[in-house]
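Asker: Input: one structure, supplied below.
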Amino acid sequence: MEGRAAALGAGTVLNALATGTGAAFGIDVETRATVELDPAANGVDGEIAEDADADTDLIERCVALATERWGDGEGGRVRTDSDVPLAAGLKSSSAAANATVLATCDALGLAVGDGGRASDDAVGDGGRASDDAVGDGGRASDDAVDDDPDDPAVDVTRLEACRLGVRAAREAGVTVTGAFDDATASMLGGVTVTDNDADELRVREAVDWDVLVWTPPERAYSADADVARCEAVAPMADLVADLALDGRYGEAMTVNGLAFSAALGFDADPAVEAMPHATAVSLSGTGPSVVAVADPADPETDLDAVADAWGDRPGTLRRTTTRNDGAAVE
Ligand SMILES: Nc1ncnc2c1ncn2[C@@H]1O[C@H](COP(=O)(O)OP(=O)(O)OP(=O)(O)O)[C@@H](O)[C@H]1O
Ligand SMILES: O=C(O)C1=C[C@@H](O)[C@@H](O)[C@H](O)C1
């Protein structure tokens, strides 16, 4: 009983630590999980390929919760290998949890979602699931954006799998709000806007951007973030949420970056340097990575110029793109 899956890293549009409302977008950086289930095993053993000393509690809980929910409580082994740097603001925990839950479903022989990756058509009304599209008093329902839960060929929808990973993240103590924003961006791709207090998806929309990521050498664990300082910028977070719910993701992201860099004590210089050349730029998650994006249709944008401006800083620069297909069984 072996299963494999991959899930996306993501960048931030709105950090949810101030108000519980968050927004993120999937990028083309993956975490892969391999799960071997053994009905005779006592518990789950986890391994993280890049870091033998990293905490494996999250992925072990993901397997245990998934077999409890959809299997017979099997134990076994889980191994992740990842292009998403751990605790760098690029949603490594969400990617690891999503990949592990899907790999466990695969090992159990369950059909996930639409048999793999949803196309834009499968996730709503031509890309943007708006409140109006479902008319339920202000929230896009899961049905409007998820794989069809009534499809007899689907055993587990990706949103169900995503919510289980968020539960594991809360139990493992690696998140402040549950990070349903990051988890949905990693699982569904595109940009998502969520209510993390209720684990509700408000908007999901495809987005096509070129992406430049600067990751400094230091690490910042979300669980250690100064939540009171984030709550102090709540009025700015409300403004960012309004922009994001209006589909003005770029402006939302840049305002978010300035507010949360200040709240969390990160230098805003990289953002200021990028602004003349980028559609948007922000501190991602609880840092330390900074993500700049460029709309390829906008001739004013130039991520090479941003890379030049950031080039002398310590750490790594990565060029990538947004992804709209999300996580999948492999
Ligand atoms: N590849 C991985 N395999 C297994 N567990 C992982 C992996 N990457 C991250 N984790 C788990 O997630 C924890 C880090 O979570 P944290 O939220 O601090 O980082 P992040 O998700 O990258 O940050 P942010 O939310 O700011 O983007 C690690 O301590 C580990 O338990
Ligand atoms: O741990 C959390 O709850 C979060 C961490 C960061 O990634 C934030 O960007 C996210 O909105 C919420």
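Cβ atoms here come from the backbone N, Cα and C positions, even for glycine.
Quick paste of what TrEMBL says about this protein:
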BINDING   Pro85, Leu86, Ala87, Ala88, Gly89, Leu90, Lys91, Ser92, Ser93, Ser94, Ala95  ATP binding site
COMPBIAS  143-153  compositional bias 'Acidic residues'
DOMAIN    58-112  domain 'GHMP kinase N-terminal'
REGION    119-153  region 'Disordered'
REGION    310-330  region 'Disordered'
Asker: Measuring CB to CB from Ser93 (ATP binding site), give everything in the same chain under 8 Å that is also at least six residues away in sequence.
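Answerer: In sequence order, Leu58, Ala87, Ala169, Val174, Thr175, Ala179, Asp182, Ser222 meet the Cβ cut-off.
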Asker: Got a sec? Which of these binding-site residues, Pro85, Gly89, has the most Cβ atoms within 10 Å?
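Answerer: Highest number of other Cβ atoms within 10 Å: Gly89.
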Asker: Taking every residue in the domain 'GHMP kinase N-terminal' (58-112), what is their average pLDDT?
Answerer: 98
Asker: Can you list, in sequence order, the residues of the same chain other than Pro85, Leu86, Ala87, Ala88, Gly89, Leu90, Lys91, Ser92, Ser93, Ser94, Ala95 whose CB lies within 8 Å of the CB centroid of the ATP site?
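Answerer: Result: Gly9, Val84, Gly285.
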Asker: Name the residues of the same chain, 6+ apart in sequence, whose Cβ is under 8 Å from the Cβ of Ala95 (ATP binding site)?
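Answerer: Counting only residues 6 or more apart in sequence, the Cβ neighbours of Ala95 (ATP binding site) under 8 Å are Ala7, Leu8, Gly9, Ala10, Glu30, Thr31, Ser82, Val84, Ser186, Ala327.
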Asker: For a three-state summary based on DSSP, what are the helix, strand and coil counts in the region 'Disordered' (310-330)?
Answerer: 1 helix, 9 strand, 11 coil
Asker: Of the residues in the domain 'GHMP kinase N-terminal' (58-112), how many are helix, strand and coil by DSSP?
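Answerer: Each residue of the domain 'GHMP kinase N-terminal' (58-112) counted once, the result is 29 helix, 9 strand, 17 coil.
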Asker: Report, as a single number, how many Cβ atoms besides its own are within 10 Å of the Cβ of Ala87 (ATP binding site).
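Answerer: For Ala87 (ATP binding site), the 10 Å Cβ neighbour count is 22.
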Asker: What are the sequence-distant neighbours of Lys91 (ATP binding site), meaning same chain, six or more residues apart, C-beta distance under 8 angstroms?
Answerer: Leu8, Gly9, Ala10, Ala24, Val84, Ala179, Asp182, Ala183, Ala185, Ser186, Gly285
